[in-house]
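K.L.:
According to TrEMBL, the record shows the following:
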- 487-498: compositional bias 'Basic and acidic residues' (COMPBIAS)
- 19-468: domain 'Major facilitator superfamily (MFS) profile' (DOMAIN)
- 471-498: region 'Disordered' (REGION)
- 56-75: transmembrane segment (TRANSMEM)
- 87-106: transmembrane segment (TRANSMEM)
- 112-132: transmembrane segment (TRANSMEM)
- 144-164: transmembrane segment (TRANSMEM)
- 170-193: transmembrane segment (TRANSMEM)
- 205-224: transmembrane segment (TRANSMEM)
- 230-252: transmembrane segment (TRANSMEM)
- 273-294: transmembrane segment (TRANSMEM)
- 306-334: transmembrane segment (TRANSMEM)
- 346-365: transmembrane segment (TRANSMEM)
- 409-429: transmembrane segment (TRANSMEM)
- 441-463: transmembrane segment (TRANSMEM)
C-alpha cells in the first residue's frame, strides 16, 4: 500500500502559457496513439527479420494491449494522487525507453518486452485530459478536449499510413524514431509549460486491483487471440474465459470494498459514465477491427479474385481519406457542441461508422470504394472520439478526471483487442490452398463489425448528459486554481455538459 496525502491546496494556478500546455499533451498523445497502429502493416516484415512465428509476432500487439489496459487506470489514479505533471513525465520516459529498446531488439522476445514497456504509457491519455482540465479556463475545455481527441483518433490511424513509406526508407526498426521524436518534444514542453499540481485526492494505491485486472485481461485476450487455433470450444479457451470472468468479479468486489479504489465503481455506475463506456467498448471493437484488417484486404494478391496486391504504402494510401476525415471532424467537434451537443455527436458519429463498415462488406470490388467508405468512417470517428471524452469529463469532478477518462480509453483498447481477435478468427477461419483468406471471411468480418457499430449507436442513444460536476474549491479559487477567474468559471462551467 502506498499512502498519499495531498499537500495544502489542491491545485496550483494554471500556466500562463495554456496553449503550450495544450501543445505538450497533444504531442504526448500523438506519440503514443501512433504506436497503436504503426506495427500492424509491417508484422510480416518483423516476422521474417526476426525469424519467428506469426503467433509470436502477434504478441507484439497483444502484450502492448494488456500492459496499456492495466497502466491506463493505474497511471490515471497515480496522477490524481501524486500530481499529473510528474506522472505524465514518467509515462513519457517509459514509452521513450520502450521505443529505444524496440529499435535495437535482437529477437521477438526482446521486442515483446519493449512493447510491454511502451504499454506503461497508457496513462498518457487520461493524464492529458486531466491536464487540459487543469491548465485551461472552463470555457476553453470542450474545444481543447475535441482537439486532443482528434489527435488521439488521427494518431491511431496515421500509423498505417506512415508505416509503408517509412519502413521502405529506414526499415521497420526506424519506425520507432517517429514516436520517439514526438515523445521528447512532448516531454520538453510538459516540463516547461505544464504546472506542477498538488494531489487532488488522498488515499492509498494497493497493487491488488491492478494485478487482478491484469490477470483478467490476459485470461481474456489469450483465448480470444488464439481461439481459432486452439478451437473455440476447447478446454483451454473455455477455462481461460471462465478464469477471466472470475478475476473480473474479484476485481470489482475489491474495488467496491476499498475506501480508495483504483477505479471508483460507484462513479462508473453513473449513467453518463457507464453508457459512454459501453459505447467506447463497442466503438473500439469496430474501429480497431477495421484498422487491423482493411490494410490486409488491400494487400491480398489479385490472384485471389478480390485483393488488389497493394504494397504497404499502397494500403496506407487507401487509409488516408479515413485519417484525413478524422482530423477534420475531430478538430471541429469542440466548436460543433454549440449546435450539436456531445450526445448528438456520438450518435451521429457511430451511425456514420456503422454505415461505412457495412458498405465495405458489400462494396469492395474497387479500391476507391474502400477509400470512400473509409472517409465516411473517419468523419464519424473524429466526432465520436471527442464526444465520448466530453461526456465523461462533464460527468465527473476534476479529481476523478484521470481515472474516468482512463477507463473510457481503456475500454476502447480492450474492445480493439477483442475486435482484432474476432475479426482475425473470421478472416482466417477459411483459407485457400495457399493459406490466403477467402473473400467470404472478410465480408463476414465487415458485417459483424458493422453490426457492432450499430450497437454503439444504440448505446449512444442511451447516454444522458450530466450537468458539469465540480470539486469543492478553496475559498477564492476555482477548481482550476485561478483566483482571478472565479466569475468566468462560474459562468462558463456548464459548457462542460455539452
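Glycine too: its Cβ is placed from the backbone N, Cα and C atoms.
Curation does not apply to TrEMBL; its annotations are automatic.
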K.L.:
Determine whether the transmembrane segment (306-334) and the transmembrane segment (144-164) share at least three Cβ pairs under 8 Å, counting only pairs 6 or more apart in sequence.
P.N.:
yes
K.L.:
Please work out whether the transmembrane segment (409-429) lies in contact with the transmembrane segment (205-224), by counting C-beta pairs under 8 angstroms that are 6 or more apart in sequence and asking whether there are at least 3.
P.N.:
yes
K.L.:
Should anything in the same chain at least six residues away from the transmembrane segment (170-193) have a Cβ under 8 Å from its Cβ atoms, list it; otherwise answer none.
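P.N.:
Distant contacts of the transmembrane segment (170-193): 15, 17, 20-21, 23-28, 30-32, 34-35, 38-39, 42, 45-46, 49, 85, 88-89, 92-93, 95-96, 99-100, 102-105, 162-163.
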K.L.:
When you look at the transmembrane segment (112-132) alongside the transmembrane segment (56-75), do they share 3+ Cβ pairs under 8 Å, ignoring any pair fewer than 6 residues apart in sequence?
P.N.:
yes
K.L.:
Could you tell me whether the transmembrane segment (273-294) and the transmembrane segment (230-252) have 3+ CB pairs under 8 A, leaving out pairs under 6 positions apart?
P.N.:
no
K.L.:
For the transmembrane segment (205-224), find every same-chain residue at least 6 residues outside the stretch whose CB is under 8 Å from a CB in it, and list them.
P.N.:
1-2, 4, 62, 65-66, 69-70, 73-74, 77-78, 81, 230, 236-238, 240-241, 243-244, 247-248, 250-251, 254-255, 258, 260-263, 414, 417-418, 421-422
K.L.:
Return the average pLDDT for the domain 'Major facilitator superfamily (MFS) profile' (19-468) as a whole number.
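P.N.:
Mean per-residue confidence for the domain 'Major facilitator superfamily (MFS) profile' (19-468): 86 out of 100.
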K.L.:
Going along the chain, which residues at least six beyond the ends of the transmembrane segment (144-164) come within the CB cut-off of under 8 Å?
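P.N.:
Answer is 22, 25-26, 29-42, 125, 128-129, 132, 136, 175, 178, 287, 291, 295, 311-317, 319-320, 322-323, 326-327, 329-337, 378, 381-382, 385-386, 388-390, 393.
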